[in-house]
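Have a look at the structure below before the remarks.
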């Protein structure tokens, strides 16, 4: 498993050169933006169960066949497995966001996931849809732009954090979700 | 590669939980110390060749018998390789400063070091002499800030200990 710093080390080592000013300036900005990153991770982790259940519920609303007899979220046992898997994917995306590198997501979550799902008969299109919804709500939580209309009045909650531009972190997180989507499809 | 972030993520993953507040606190702690490490790494990378040359010269001056025929510094090829080895250690120190742990030195420098030097019949004392010279040569604030120098010296001490 690598983070942003050890990724720089591994790529510099492949050309046996020390890490010079260019790369170090990149890492310095990573350090300077560190608190934003921690807030972003916290925003996802603190709202994880909401993000996951919303995504799975959304996936089912769009395709109610999933919870009818013969559907992949029927009975409760399989629905529970679905919720659990959603949480696992979101957890590894959070790790990748914390580390600033996708290696933990690739090695520990995505490696062999598509084959496993194919073997178990999990429909790829529904899985991808759930990940897309998690991506949308996670990026909204990172930029703190989630609205009451999106969440519903009973669930709506915004983090009390200092205002700042988190668009680059939101797109980084979106990139990790896209990685999941392309690994599954 | 072991670092604060990977240690935190490994622990959280083993427990199957999201990063907790205390996980984030420890990552924040490492980020706060990162500025000094980055400064040291940048300064070292900029002067690596000169620093290595000084250390090499100092160690050959101390162990001048190495220039005698049949010794480890007798031919130009050997001289180049001696200097290269010192640069190699400094490069790994640069990596360790960036990562914020001793992972690169452990994995790429120290693991198997004793066996290699034994097999090639190389003395380790001259390496210690070169690195000790480099260790005492660094000076704050001329070369880098005091905090950066502390981080840099700690890693040089780590290599010196592994060779002695």
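Each Cβ is built from the backbone N, Cα and C atoms, and glycine gets one as well.
Positions annotated as (2R,3E)-phycocyanobilin 1 binding site by TrEMBL: A:35, A:39. DSSP assigns residue A:35 ((2R,3E)-phycocyanobilin 1 binding site) to a helix. A C-beta separation below 8 Å, combined with a sequence spacing of at least six in one chain, links residue A:35 ((2R,3E)-phycocyanobilin 1 binding site) to none of the other residues.
The Cβ of residue A:72 ((2R,3E)-phycocyanobilin 2 binding site) lies under 8 Å from the Cβ of A:66, A:78, A:82, A:121, A:122, A:123, A:126, each of these being in the same chain and 6 or more residues away along the sequence. Look at TrEMBL and you will find A:72, A:77, A:82, A:83, A:84, A:85, A:86, A:87, A:88 tagged as (2R,3E)-phycocyanobilin 2 binding site.
For A:72, the entry in TrEMBL reads N4-methylasparagine. For the recorded site, residue A:72 ((2R,3E)-phycocyanobilin 2 binding site), the DSSP three-state label reads coil.
Calculated from their C-alpha atoms, the gap between residue A:86 ((2R,3E)-phycocyanobilin 2 binding site) and residue A:39 ((2R,3E)-phycocyanobilin 1 binding site) amounts to 22 Å.
Note: the Cα of residue A:88 ((2R,3E)-phycocyanobilin 2 binding site) and the Cα of residue A:39 ((2R,3E)-phycocyanobilin 1 binding site) are spaced 20 Å from each other. A Cα-Cα distance of 24 Å separates residue A:39 ((2R,3E)-phycocyanobilin 1 binding site) from residue A:84 ((2R,3E)-phycocyanobilin 2 binding site). Across the residues annotated as binding (2R,3E)-phycocyanobilin 2 (A:72, A:77, A:82, A:83, A:84, A:85, A:86, A:87, A:88), the two Cα atoms farthest apart lie 18 Å from each other. Listed binding-site residues (A:35, A:39, A:72, A:82, A:84, A:86) with a CB under 8 Å from any chain B CB: A:35.
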